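Visitor: Quick one: the structure is below, questions incoming.
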Amino acid sequence: MTSVHSLGFPRIGHKRELKKALESFWSREIDEQELQSRAAQLRDRHWRIQQTCGMDLVPVGDFSLYDHMLDMSCTLGAIPPRYGFAGGQVGLDTFFAMARGSATQPAMEMTKWFDTNYHFIVPEFHEGMDFRLSSERLFDQVKEVQALGLKAKPVLVGPITYLWLGKEKDLNAEAHHDAQHHHDDSACHGHGAPIGAACFDRLTLLPKVLPVYAEILARLAEMGVEWVQIDEPALALDLPQEWVEALESAYQTLRRDKTPKVLLATYFDSVADHAKALKALPVAGVHLDLRRAPQQLNSFLSDYPADKVLSLGVVDGRNVWRADLDAALELLQPAHKQLGDRLWVAPSCSLLHTPVDLEQETELDAELKSWLSFSVQKLDEVAIIGRALKEGVESVAQELAAARAAVASRKSSPRIHNPAVAQRLEGLGQDDGRRKSPFPIREAAQRARFKLPAFPTTSIGSFPQTPEIRKARLQNRKGELSNADYQKAMEAEIALVVKEQERLGIDVPVHGEPERNDMVEYFGEQLAGFAFTRHGWVQSYGSRYVKPPLIFGDVSRPTPMTVAWSKYAQSLTQRPMKGMLTGPVTILQWSFVRDDQPRERTALQIALAIRDEVRDLIDAGIGIIQIDEPAYREGLPLKRKDWGHYLEWASRAFRISAQIAPDDVQIHTHMCYSEFNDILPAIAAMDADVITIETSRSQMELLDAFATFNYPNEIGPGVYDIHSPRVPSVEEMVGLMEKAVKVVPAERLWINPDCGLKTRKWAEVTPALENMVEAARQVRARHG
């Protein structure tokens, strides 16, 4: 009988219970026992939901208090020495120090999980390191599931993906870090090592890590586990041949008489290039993402082994649109005919990337709601498909008819298409969005206008969102606080932020964005073609959740979105106030995007809307405007052969949004969590006057490419990690800037934090910015 299953379920809870529990624990309002109790309640509820939806197997180990890659590091005992782990079981103090930093040690690096908006904690590897089983978490959770009478399917990050996504570290540099609080070229990665780094190949650690995987599988077998899901999404990347060969040897090594059956799960793109190898592996099944890469199916159906199941992901685990069940069944028919009961049906990937339950959305209009599907509904869709295959389409005729009607409604709705937007797009023609003058002319005009000191200081945009700010916003939404009183409250907060920046001596202040709930949602709420949920939260990292807008139709800007706030802030200071906008690619990447037209077309629609806002800010006297693009790299296709087209339209969308700016208006952009050394030409093609980037966690590693690539414009490398509560010292920030000066001309450097300060407390922000301004003074004295 065809099995239906889930690759993973959201951790956060229907009402963001995990976030509330974590933040209560971090602020010492609850103890570890209470935190673990609340986590267990969430897991119990999520497993029961999946059972109710009809899943034959429920995933175990997909739940994490912070990040599943961090869980894997702890399970394998891969704890960087700087955290003082003495062996045994990894405790929560060590776990959270690795994720968030501590009073004396910075956090581990964090980066995007493939091309999603989820972030994982990057494993650190050093030459000769040992691995050992150091966490009972997975086994404890298997016992929890078994106590419920459910069939557990433990989920592990596979050894190839785990090693590939990590970074090599030089322990000598780490020892220096312990003494000086900064690395000296301590990381090297398979995509090109920093200058001077002492490197080894992390693939050489595979023989050391495999025995721990084997031990885990043996323990699970002893517990009566029949199936284990081992995720190898790295296979969707352009893996070097030696890594592909390592995959084959690794799974041969893990083959044992008494181990559970292994379902090797791939997702996010095609793995057709590895079809022959995957079919030959000693595993009991393979999972394919047919939403991202339906064309790969034929490569697997050809000569698919008779002793393997084939799990096919036909319900989109990364977007919110209701599935076309007829199309899914049509796609599955050849596989079902060939494989019979050996065909399994699942979402394309873990449902980590979609909101929990559409039924919570009681305020969405009926038509739009009928087009949507969240995690619970996606499992229902998987179950319907499974029943259709097992019992025939007649058994689910009513469900199929409802899905068919929703798909037809969405295609024909007049809410989707706006002729005026189409006309503007056609008017662009081949215009690539170039500004009037090249950068050297613009730079001279901007320096004459603003007269900033060497190494000017600024922040990235947001300041702490205090409970008072959130309360005022909530009261305004509920109608308990009038718009006029809400405006007064926000203006008071803006005045406080501007005054504090003046006191600190920040050269280019910002208004702090108290009025913004989220850097994408805020704009989407004011753009036509967008819709919003009340409970559509997804995890970004740790306790940081986002509520992406839904882009369901053509995008346009009916009225100005930020002008009044920026104009008010500028009236409070003689310093140049920086206007703050979110760029078209980031709005696209951090939204749930319509799938009925190319993403490129939607991005250009957003770019034109942002350009309208830039024009109005300039008319209001704002001379420095930041157009954030932190998700620029995130949009890169996983395979390099597909990069060129994406980079071309993504850079063009940014340029079109900024094109209206005259020479003496300075356009900034910001990119956080980005590793973009290999796409610097495309970054330069965006032609922002100033780019600020996240560099402190990677200890300025991102700047290494500037030694060989003569980046033409100005740059602000982040000098402290805002994702950690730790306050960096003046010396630490001076040290980072000294590294920057070695590769970027001093006259082109800015000094700023890594990212916005929204999630931090004032008690952390004020001393950190004081130290940053003092660091700028010291660097100016040396180089200015």
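Glycine residues also receive a Cβ, built from the backbone N, Cα and C atoms like all the rest.
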Visitor: Determine which of GLU502, GLU513, GLU515, GLU521 appears in Swiss-Prot for the same L-methionine site as ILE460, GLY461, SER462, ASP628.
Guide: GLU513
Visitor: Record says ARG16, GLU17, LEU18, LYS19, LYS112, GLU634 bind 5-methyltetrahydropteroyltri-L-glutamate. Source is Swiss-Prot. Which of TRP164, TRP227, TRP565, TRP590 does it list for that same site?
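Guide: Candidate in the recorded 5-methyltetrahydropteroyltri-L-glutamate site: TRP590.
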Visitor: Which of the three DSSP states, helix, strand or coil, fits LEU18 (5-methyltetrahydropteroyltri-L-glutamate binding site)?
Guide: helix
Visitor: Around the L-methionine site formed by ILE460, GLY461, SER462, GLU513, ASP628, which additional residues qualify by having Cβ within 8 Å of the site's Cβ center?
Guide: SER459, VAL510, MET519, MET580, GLN626, HIS670, CYS755, GLY756, LYS758
Visitor: For LEU18 (5-methyltetrahydropteroyltri-L-glutamate binding site), which residues of its chain lie six or more apart in sequence with Cβ-Cβ distance below 8 Å?
Guide: ARG11, ILE12, ARG38, ALA39, LEU42, LEU65, SER543
Visitor: Any same-chain residues 6+ apart from GLY461 (L-homocysteine binding site) with CB under 8 Å of its CB? Would you list them in sequence order, or say none?
Guide: VAL510, GLY512, GLU513, MET519, LYS578, MET580, GLN626, ASP628, HIS670, GLY756
Visitor: Which whole-number value in Å describes the distance between the Cα atoms of CYS672 (Zn(2+) binding site) and ILE460 (L-homocysteine binding site)?
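Guide: Just about 10 Å between their Cα atoms.
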Visitor: Sorted by position, what residues of the same chain at least six away from ILE460 (L-homocysteine binding site) have a C-beta under 8 A from it?
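Guide: Counting only residues 6 or more apart in sequence, the Cβ neighbours of ILE460 (L-homocysteine binding site) under 8 Å are VAL510, GLN626, ASP628, HIS670, CYS672, THR692, GLY718, ILE722, ASN752, PRO753, ASP754, CYS755, GLY756, LEU757.
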Visitor: Look at the recorded positions ARG16, LYS19, LYS112, HIS670, HIS723 and tell me which residue has the greatest number of other C-beta atoms within 10 angstroms of its C-beta.
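Guide: Of the recorded positions ARG16, LYS19, LYS112, HIS670, HIS723, the highest Cβ count within 10 Å belongs to HIS670.
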Visitor: Let me know the largest Cα to Cα distance in Å among the L-methionine-binding residues ILE460, GLY461, SER462, GLU513, ASP628, as an integer.
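Guide: Greatest Cα-Cα span of the listed binding residues: 13 Å.
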